[in-house]
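Everything on this sheet refers to the single structure shown next.
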Amino acid sequence: MGIKSYQNPAELLVKEYLLADSFIPYTSIICGICACKMVYDLTQLFSSVYFKSYPSLPKIQRTEWSNRSISTFHAMFITALSLYFVFWSNLYSDNQYAGMVTFRSSALSTFSLGASVGYFLADLGMIIWFYPSLGGMEYVLHHLLSLAAVAYSMLTGEGQLYTFMVLISETTTPGINLRWYLDTVGMKRSKAYLVNGVVIFVAWLVARVLLFMYLFYHIYLHYDQVKQMHSYGLLLIFVVPSVLSVMNLFWFGKIVRGLRKTLAKRQ
C-alpha cells in the first residue's frame, strides 16, 4: 500500500508533466544532458579497468577519450531513430497522412530531437571549455549550426524530416572515433586501422555526400510545401545543409587523401 501511494503520484507526474506535449522539448534536453554525463562517467570507470593504456594517457587525452564515447553513443542513438523516421516510419510518407510533410511531428520525433539538442549543448560546452584541445573553430561552427537547426525543428515542429535526414550523417561518427582510439593505443599500423579507413570512406560518401544530394532533391520535389514554412525555418532549411555540405566535402577530401596515403604505405 505504501509503494502504491508513491507510485500513483509518480505516474501522474510523468504522464501529465514530464511527457506532456508542451514539456517534451525541455524534458528531452535534460535527458540528453544527463545521458551524456552518465556515459562520460561510465566510460572513465570502464576504461580504467579494461584498458591498460588508459591510466597512462595525459589528462586531456583521457578527457577526449570519454568525450568521444559520448559522441559515439549519441551517434548510434540518433542515427537509428533518424533512419527509422526517414525510411521506415509512415510519419513523413507522402501517401499516409494528409497535410504538408514539412509540418509533421510526433511526441517521439520531438523527444529524439530534444535529446540530440542536449548532446550538442553538452559537447559544445566541453569543446569551448577545453578549446582547442577537443576541436577547433570548425567544430564550434558545426555544433552551433546543428543546435540552431535541431532546436528550431524541435520547438516548432517544422522541417523535422529534413533535420532527421541531416542527422543520419552522424552514422560516420563511431568510425571516426574508433580511428582515434586505434591511433591513441598504438594500432595505427594494424589491419583494423586500414579497414576502419575504408569503412569511413564508404560511410562518409553515402551519409554525408550522396544523402545530402537526396535531401536537396527532396526539397526541390516538395518546394511548394517547403515555402510555406516561416522565414527563419526556410533560412535554416537552405543555409544549414548547404554549409554542412561544404564542410563535409572539405573533410571528405581529407579522408580520401589520408586513405590514399595509408594504402600507398601498404604497397
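Just so you know, glycine gets a Cβ as well, placed from its N, Cα and C.
The domain 'TLC' annotation in TrEMBL covers 60-264.
Taken from TrEMBL, the feature transmembrane segment applies to 72-91 (among others). Counting only same-chain residues 6+ beyond the ends of the transmembrane segment (72-91), those with a CB under 8 A from a CB of the stretch are 32, 35-36, 39, 97, 104-106, 108-109, 112, 115-116, 119, 123, 160-161, 164-165, 167-168, 170-174, 177.
For 111-132 (among others), the entry in TrEMBL reads transmembrane segment.
Beyond its flanks by at least six residues, the transmembrane segment (139-155) meets 25, 28, 110, 113-114, 116-117, 120-121, 123-124, 127-128, 131, 162-163, 166-167, 232-233, 236, 239-240, 243-244, 247 of its own chain at Cβ-Cβ distances under 8 Å. Annotation comment: TrEMBL describes 139-155 (among others) as transmembrane segment.
Marked as transmembrane segment by TrEMBL: 161-182 (among others). Sequence-distant contacts of the transmembrane segment (161-182), counting only residues of its own chain at least 6 positions beyond either end whose CB sits under 8 Å from a CB of the stretch, comprise 64-65, 68-69, 71-72, 74-76, 78-79, 81-83, 85-86, 92, 101-102, 104, 109, 113, 116, 146, 149-150, 153, 188, 190, 192-193, 196-197, 199-200, 203-204, 207-208, 211-212, 214-215, 218-219, 237, 240-241, 244, 248.
The annotation transmembrane segment is assigned in TrEMBL to 194-220 (among others).
Per TrEMBL, transmembrane segment is recorded for 232-252 (among others). Residues 138, 141-142, 145-146, 148-149, 152-153, 156, 158-159, 162, 166, 169, 204-205, 208-209, 212, 215-216, 219, 226 of the same chain, all 6+ positions outside the transmembrane segment (232-252), place their C-beta atoms under 8 angstroms from a C-beta of that stretch.
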Distal contacts, the transmembrane segment (194-220) - CB-CB under 8 A, six or more residues away: 161-162, 165-166, 168-169, 171-172, 175-176, 178-179, 182, 226, 237-238, 241, 244-245, 248-249, 251-252, 255-256, 258-259, 262-263, 266
